[in-house]
Amino acid sequence: MATAFCFKPWLLVSCGLLLAAACHGLQVGFYQKSCPKAEAIVRAEVQKAVRRDPGLGAGLLRMLFHDCFVEGCDASILLDPTPANPRPEKKGPPNDASQRSYEVIDAAKKALEKACPGVVSCADAVAFAARDASDLLSGSRVRFAMPGGRLDGRRSQESQTNVLPPPFAGLDTLAARFAAKGMSVEDLVVLSGAHSVGRSHCSSFVFERLTKGSDMEANLANQLKGQCPASPGVGNDPAVAEDAVTPNVLDNQYYKNLLDRKVLFASDAALMSSAQTAKMVSDFAKPDGTWERKFAAAMVKWRASGSSPAATGRSGRTAGWSTSEKDGRS
């Protein structure tokens, strides 16, 4: 079963036994003493995965974003269905049948448990993996230190995924959802650049961008009409590259695509709907490294913005849940 290594009752570690920083905030090098090779172990698994399939790296970025939007970056996206909680986050519409890369976290957690049993939280493994995916997919143009010390959450419910911005969201909705996480409009535009990697199911854009008609560049629209059914649905919902120019590279091509009206989602096109955000898009399309630097900083801010429960020791657990926590009950 997926994520088995994150949810064994015997992996519970009380907050009082952790370094004080785990209960009061995040810090770079959190596992330097308790599990010195923790970050290297995660990176090794991410490297193997990305070499095998760059799309798994894109999935790790998406996993962190989706996890952090729901109750903070607590790894609750990893929880499998149980009889008591058959519809956890991973079964929510934004994740079910589209979120991938769980097996990468499973492999990393298995290796971590072998090296340092019960020490490294799944929440930190997800964050470290997203950092490493950013580095590997960008050719090391996006590099940053990711702080650790986040405790694992204990609730995971499908209904909570409705806070994730849908692919048809307008700019006001996007800005409000990011503001609720303590993120600015610039952070929104910067982090949207992650859409330069990965794939999307046709159902996420066909109606809003092709059926209804939009400002999408005509050649791209015609190409997508040839790849996607007119009414995509279960069993008939192909996936296409979000960035057809550099589909496996985390770079600023996304912003060039925006300027050329060659993006998939209505939520992407929405970034051109205001003078403020359109100016940011234009700036980030320049080959001066600005976007890469800002993306690195925004990733750290994003991880920290969803981590306030760790500072208060909400779950009081790391690397696992009790039986009731596994069931998704508070």
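Cβ coordinates come from backbone N, Cα and C, glycine included.
No curator has checked TrEMBL annotations; they are predicted automatically.
The feature active site, proton acceptor is assigned by TrEMBL to His66. In sequence order, Ile77, Glu89, Pro94, Asn95, Gln99, Thr161, Leu164 constitute the residues six or more apart from His66 (active site, proton acceptor) in its chain with CB-CB distances below 8 Å.
Around Ser76 (Ca(2+) 1 binding site), the C-beta neighbours below 8 angstroms that are at least 6 residues distant in the chain are Asp67, Val70, Pro88, Glu89, Asp152, Gly153, Arg154, Arg155, Ser156. Marked as Ca(2+) 1 binding site by TrEMBL: Asp67, Val70, Gly72, Asp74, Ser76, Glu89.
Residues or ranges marked as substrate binding site in TrEMBL: Pro165. A simple way to gauge crowding: the CB of Pro165 (substrate binding site) has 21 other CB atoms within 10 angstroms, across all the protein chains here.
In sequence order, Glu242, Asp243, Tyr254, Val263, Leu264, Phe265, Asp268 are the residues of the chain that are 6 or more apart from His195 (heme b binding site) and have a CB within less than 8 Å of its CB. For His195, the entry in TrEMBL reads heme b binding site.
If you look up TrEMBL, you'll see Asp243, Thr246, Asp251 marked as Ca(2+) 2 binding site. There are 23 other CB atoms within 10 A of the CB of Asp243 (Ca(2+) 2 binding site), with all protein chains counted.
Per TrEMBL, the feature disulfide bond maps to Cys35-Cys116 (among others).
For Cys68-Cys73 (among others), the entry in TrEMBL reads disulfide bond.
Same-chain residues at least 6 positions away in sequence with a Cβ under 8 Å from that of Cys228 (disulfide bond) are, in sequence order, Cys202, Val206, Leu210, Pro238, Val240. Per TrEMBL, the feature disulfide bond maps to Cys202-Cys228 (among others).
According to TrEMBL, the feature domain 'Plant heme peroxidase family profile' maps to 25-316.
For the region 'Disordered' (81-100), the number of residues in each DSSP class (helix H, G, I; strand E, B; coil) is 3 helix, 0 strand, 17 coil. Residues annotated as region 'Disordered' in TrEMBL: 81-100 (among others).
Under the heading region 'Disordered', TrEMBL lists 304-330 (among others).
The signal peptide annotation in TrEMBL covers 1-25.
Under the heading site 'Transition state stabilizer', TrEMBL lists Arg62.
Proximity to Cys68 (disulfide bond), defined by a C-alpha to C-alpha distance within 10 angstroms, is shown by the following recorded positions from Cys35, Asp74, Cys116, Pro165, Thr246, Asp251: Asp74. For the recorded positions Gly72, Cys73, Thr246, counting C-beta atoms within 10 A of each C-beta gives the highest total at Cys73. Within the chain, the region 'Disordered' (81-100) has long-range Cβ neighbours (under 8 A, six or more residues past its boundaries) at 55-56, 59, 62-63, 66-67, 70, 156-162, 164, 166, 201, 326-329. Cα spacing between Cys116 (disulfide bond) and Asp74 (Ca(2+) 1 binding site): 20 Å, rounded to the nearest whole number. In this structure the alpha carbons, written CA, of Cys73 (disulfide bond) and Arg62 (site 'Transition state stabilizer') are 12 Å apart.
For Asp251 (Ca(2+) 2 binding site), the same-chain residues 6+ apart in sequence whose C-beta sits under 8 angstroms from its C-beta are Ser138, Arg141, Ser196, Glu292.
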